[in-house]
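Colleague: Structure below; questions to follow.
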Amino acid sequence: MASFFGVIVSDPWLQSQFTQFELRSLQSNFMSAKRESGRVTVQDLPSVLAKLKALRETLEGEEISEILGESDADTGQEIDFEAFLRAYLTLQNRATVKLGANNHSWEFLKATTTTLLHTISESEKAAYVAHINSYLGEDPFLKEYLPLDPTTNDLFNLAKDGVLLCKLINVAVPGTIDERAINTKKIINPWERNENHSLCLNSAKAIGCTVVNIGTQDLIEGRPHLLLGLISQIIKIQLLADLNLKKTPQLVELVDDGKDVEELMSLSPEKVLLRWMNFHLKKAGYKKPLNNFSSDVKDGEAYAYLLNVLAPEHCSPATLDTKDPSERAKLILEHAERMNCKRYLTPKDIVEGSPNLNLAFVAHIFHHRNGLSVDSKKISFAEMMPDDVLVSREERAFRLWINSLGIATFVNNVFEDVRNGWVLLEVLDKISPGSVNWRHASKPPIKLPFRKVENCNQVVRIGKELKFSLVNVAGHDIMQGNKKLILAYLWQLMRFNILQLLKNLRSHSEGKEVTDADILDWANDRVRRTGRTSRMESFRDRTLSNGLFFLELLSSVEPRVVNWNIVTKGVSEDEKRLNATYIISVARKLGCSIFLLPEDIMEVNQKMILTLTASIMFWSLQQPSEDSEPSAPEEAVPQRVVTPSDGGEDDGSLTDGLSNPNIGDDISSENENPPEEDP
C-alpha cells in the first residue's frame with residue numbers, strides 16, 4: 001500500500017497553525033507561482049496572496065501590499081514555502097482584526113475546522129471524556145486505557161492510533177464499521193495507523209459528519225481542536241439519532257395535520273429538538289420561544305420550566321425565584337440529577353451558553369423523559385407512513401454524498417431541500433465548475449415560487465448540457481418534489497462526478513471519456529490478473545450478493561488489506577451480511593469514500609454497486625504503480641515528507657476524490673456560498 005503523503009514544515013509551531021488540507025492548498029498556490037517565474041520573491045507576495053479568496057474578500061490589494069511592506073525586506077529576495085506561510089498568517093491575523101471591527105467575524109470563523117483560533121473548550125473536553133468513559137469503558141480493547149482523565153491529554157494521545165474514534169462511531173451508529181477491519185494491536189505500524197484513520201474519516205462521512213478540512217495526518221498528530229470537533233459531531237449524531245418519526249413516532253404529537261408532519265420530517269434533528277422543547281415550554285406557560293441552545297437558555301428560566309413540566313415531582317420553587325443565574329443553573333442541574341439526567345453540563349456552561357453542551361444536555365433529557373403522550377391514534381398514523389418516506393437508502397446515500405462535497409448548504413432531507421433548486425446548483429458548480437450562471441440564480445430564502453422554478457429550470461438545463469437523461473423533465477417537477485425524478489437526477493450527478501474523476505486521471509484514461517463498461521472491464525481484469533476465476537457480468541449480476549468478488553477485487557489492488565480467515569462463503573443471509581459489512585469497511589480503510597449499506601451489496605443495488613467498484617478503481621489508479629508490489633514503509637517514518645520542491649502531491653485517499661475533487665487556490669471556499677447576485 002502506498003505510504004501517506006503529508007506536507008511537513010520544519011518549524012513545529014508553524015506546522016501547528018494549519019491543517020493538512022490547508023497546507024496542501026497553500027503549497028499548491030506557492031508551487032504554481034514558482035512555476036510561472038522560476039522563483040517567488042518578496043515583491044511577488046502581494047499579487048500571489050491577493051488571489052486567495054480567504055484574504056481577498058476581507059483585504060484590498062493595496063492593504064495586502066501595505067501590510068507586507070512593513071517588513072522592510074529586500075523586494076528581490078527569494079522566499080521559501082515557510083516564509084510564504086508566515087506571510088499568509090500575518091495577513092490572516094489582520095483580516096481577523098478587520099472582521100472583528102466590522103462585527104462580521106462569525107462569517108470568517110464559521111468553518112468547524114478553521115485554524116484562526118486553536119483554543120479548545122475544557123468544558124467540552126471534560127464532557128466528551130465522560131461520554132467516552134461511560135460508553136466505551138467496557139470495550140474489550142479500550143478498557144485497559146479507560147477511564148481517561150479529562151485534565152490531561154490522554155484523550156488526544158489515545159486517539160492517535162484511530163481505534164478510539166472508530167469505536168466511538170460504532171457507538172453513535174451501531175454497525176457502521178466492521179470491527180474486524182480495525183487494526184487493534186498495542187503497537188501498530190504506520191500503515192495500520194493510517195488505515196485506521198482512513199476508516200474513521202470515511203465512516204464519519206458515512207454517518208453525516210463534516211470532515212472536509214480534516215486529513216489522516218491531522219488525526220495522527222492528535223490535533224486537539226480538530227479531534228474535539230470530530231468527536232463533538234460523532235456524539236451529537238448519537239444523541240440526536242432518535243429525533244425522527246421512525247424511531248420516535250410519539251413526535252407526531254408536535255404537529256396538527258399531515259402537512260405539518262411533512263414539514264417535521266424535513267427538519268434537522270436539532271430543529272426537531274427545539275420544537276419539542278418549545279412544545280413543552282408552551283404547555284408550561286413559558287412565553288418566549290427558543291431559537292437556539294445558546295443565548296436563549298443562558299438565564300436558565302427555560303430549563304426550569306422544562307424540567308418542572310417533565311418531572312413536577314422534583315420541582316423546587318426556588319429555581320425560578322432566585323435572581324442569580326449561576327445559582328439557578330446549579331438548582332437546574334440538581335433537578336436534572338434527581339431525574340437521572342445530569343450529564344454534559346456544568347452551571348458555568350449554562351450561564352456561558354455553550355451551544356454544543358446545552359444541545360447535548362437537552363438531547364439527554366429527551367432520551368430519558370420526552371413527556372410525549374402515547375395517543376394510539378397519532379402513533380399509528382406515524383407508523384403507517386410508508387418506509388420510503390421515512391427512510392430511503394438512496395436518499396440517505398445521496399444526502400451523505402452531497403454533504404461530503406463541502407458545499408455551503410447542509411442537506412437534512414434531500415426531497416425537501418432540493419426543491420428550491422439552490423442545493424442542486426451548488427452541487428453542479430462543485431462537480432462541474434463554471435456550469436452555473438449565478439446571475440440567474442436566486443439564493444434562499446426564496447418566497448416567490450417562480451424564482452424556485454427558475455433555479456430548477458437552470459438545474460435541468462445544465463443536466464442536459466452534461467448529457468443527463470432528462471426526457472420530459474422540467475424544473476417544475478423538481479420544485480414539486482417528484483421523488484422519482486429527484487433520485488434519478490441525483491444518481492446521474494453522482495455518476496457524472498465519479499466518471500469525471502476517473503477521466504481526470506489522464507495517465508490511465510488519456511483524457512478519454514470513461515464509461516460504465518470501462519469500470520466493469522477494469523474490475524474483471526484486476527481479479528483475473530490475480531489468478532482467480534470470479535467475474536462480474538454486469539452491475540446487476542446476482543452472484544455479487546455473496547460479496548466474494550469485491551473481496552477479491554480489494555485484495556487485487558492491495559493484497560494485505562483482506563483477512564481471508566474471517567471471510568465467509570456467502571451462502572446464507574447472515575454470511576452475506578458479514579461479507580458485505582466487511583467489504584464496506586475494508587474499502588473505507590483503503591481510502592474509498594462510499595455511502596452504500598450492506599443491504600445494497602446483498603440485494604445487488606446496481607447504482608451502489610457501480611459507485612463501490614468505481615471508488616476502488618479510483619483509489620487503485622492513484623497509486624504510484626498498479627503493477628508493483630507494495631513495499632513496507634520505514635517504521636520511523638510514518639509518512640513521506642513532502643517539500644515544496646517535489647510538487648507536493650496529495651495522498652491517495654478517495655476522501656479527497658469524490659468528496660473534494662477540486663481544492664483549487666482557495667482554502668476557505670469549501671464552506672463559502674457562491675456570490676449572491678440579483679437575477
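The backbone N, Cα and C atoms fix where each Cβ goes, and this holds for glycine too.
Annotations per TrEMBL:
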DOMAIN    122-239  domain 'Calponin-homology (CH)'
DOMAIN    267-370  domain 'Calponin-homology (CH)'
DOMAIN    392-498  domain 'Calponin-homology (CH)'
DOMAIN    513-621  domain 'Calponin-homology (CH)'
COMPBIAS  624-639  compositional bias 'Low complexity'
REGION    624-679  region 'Disordered'
COMPBIAS  667-679  compositional bias 'Acidic residues'
Colleague: Average the pLDDT scores across the domain 'Calponin-homology (CH)' (267-370) and report the rounded value.
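Modeller: Within the domain 'Calponin-homology (CH)' (267-370), the model's average pLDDT equals 93.
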Colleague: DSSP says what for the domain 'Calponin-homology (CH)' (122-239): how many helix, strand, coil residues?
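Modeller: Taking the domain 'Calponin-homology (CH)' (122-239) as a whole: 77 helix, 0 strand, 41 coil.
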Colleague: So how many of the residues in the domain 'Calponin-homology (CH)' (267-370) end up helix, strand or coil by DSSP?
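Modeller: DSSP composition of the domain 'Calponin-homology (CH)' (267-370): 70 helix, 0 strand, 34 coil.
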Colleague: Tell me the residue counts in helix, strand and coil for the domain 'Calponin-homology (CH)' (513-621), as DSSP assigns them.
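Modeller: The domain 'Calponin-homology (CH)' (513-621) comes out at 74 helix, 0 strand, 35 coil.
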Colleague: By DSSP, what is the split of the domain 'Calponin-homology (CH)' (392-498) into helix, strand and coil residues?
Modeller: 67 helix, 0 strand, 40 coil
